[in-house]
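Worksheet: one structure, shown below.
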């Protein structure tokens, strides 16, 4: 297949981020300058975001058999780039106090962003696997970046070993799917499944193994055991990336796979996914109840959020509202998580050893950093799905999709899970307004709102509130991005 100028325009975000990786690498080799390399990374990610406008003008097209660039790919590419940009801005003040190599952090984030963009555009199982590896490998280094901290190193080793095992399951599953169908392309797989091949034991075994591999990457129950330890051990800016960009990119490609290859038509697959969704919602929320560490709490809550999204995925065959529900929910989850982890990053900067992730560190925050406490409150309310926040709109969509598809037991799980979640999110919010301890262990810088990370946190809070009250602009963007069904 010949690559035309139109194809190059469609691949602009991928090419720009790839070029930024090379530029930052050469810059580090030439001269170590933290500010310069952070600026280059942010400029590259912003340029990739702006280039999405030109991609939109070029229209939908297949670029090689591996990738399809369309509205859907643009939406998920945009979300991944926003998460990567936020990670870099949160990391800068954190790295200011870090005495080892600072610049490589941005290099690893850019390579992981490259993997996320590839996943958003993937239209083939080979591209899916390459994207997942490209996003996972830099995370091994990022999670263990504070390697002098025992917990960070332990989290990195744990994630590396389990991720390698999950990748082998995924690859073996793909091999079985290929052995039975003779295809790896999503569209060709869809045609094979349409010919009644879906009930072949080998194909079902292949999809089963793929669910194990992808379930690990998305930290769904029972493949979730790494999640709380890794979220707690990783530096706060890395936990931000882990909770947002990697989950969004992988869930996006799973949506596309289910869209073209209607795996959900198999009753066996639907039951397995339903049980995983139910267990993730209930278990994730129950485990978060007893947490006194904010990063662990957000780790367990991310398990339940992916469970909610899985409900929309199971209902995908019932109509295009599922696509809309996932897009809106992921946007709400992105901004809410960026705000919550952003506050933790600001409180933990500059690097002084362990992060400020104990719930006690946030007790009485309102009395000395009122705006920061207000931002954290908004994020907790949005994650809990309280009306007038973007989180509520996403949860409402998921419930509507579940009702439309008559998935009553999963709808009940969403309602019960949300009720449990309300308790621990409000527990964090209430602690912000209690009387402050006499001596502060950790505190955000006094001028935090003028830093790049502070601005990102404030914008996230504003978007969560504005789009929670008037979600139409976001819904319109998501509808434009889902003309596939």
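A Cβ is built for glycine as well, from the same backbone N, Cα and C atoms used for every other residue.
Now, the feature entries from Swiss-Prot:
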type     : residues : note
TRANSMEM : 8-28     : transmembrane segment
TRANSMEM : 35-55    : transmembrane segment
TRANSMEM : 71-91    : transmembrane segment
TRANSMEM : 105-125  : transmembrane segment
TRANSMEM : 127-147  : transmembrane segment
TRANSMEM : 159-179  : transmembrane segment
TRANSMEM : 203-223  : transmembrane segment
TRANSMEM : 235-255  : transmembrane segment
TRANSMEM : 271-291  : transmembrane segment
TRANSMEM : 326-346  : transmembrane segment
TRANSMEM : 373-393  : transmembrane segment
TRANSMEM : 455-475  : transmembrane segment
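Using a Cβ-Cβ cut-off under 8 Å and counting only residues 6 or more beyond its ends in the same chain, the transmembrane segment (35-55) has close neighbours at 9-10, 12-13, 16-17, 19-20, 23-24, 27-28, 69, 74, 77-78, 81-82, 84-85, 88-89, 91-92, 95, 102-103, 106, 109-110, 113, 117, 452. A contact between the transmembrane segment (271-291) and the transmembrane segment (8-28) is absent, since fewer than 3 of their C-beta pairs, 6 or more residues apart, lie under 8 Å.
If you look at the transmembrane segment (127-147) against the transmembrane segment (373-393), you find fewer than three C-beta pairs under 8 angstroms, all six or more positions apart, and that falls short of contact. Count of Cβ pairs under 8 Å against the transmembrane segment (159-179): among 8-28, 71-91, 105-125, 203-223, the largest is for 203-223. Same-chain neighbours of the transmembrane segment (203-223): 132, 136, 162-163, 165-181, 193, 197, 246-247, 250-251, 254, 263, 266, 268-269, 272-273, 276-277, 279-280, 283-284, 299, 302-303, 306-307, 310, counting only residues six or more beyond its ends whose CB sits under 8 Å from a CB of the stretch.
Here the listed stretches are 71-91, 105-125, 326-346, 373-393, and the one with the most C-beta pairs under 8 angstroms to the transmembrane segment (235-255) is 71-91. 326-346 is the stretch from 71-91, 105-125, 326-346 with the greatest number of Cβ pairs below 8 Å to the transmembrane segment (455-475).
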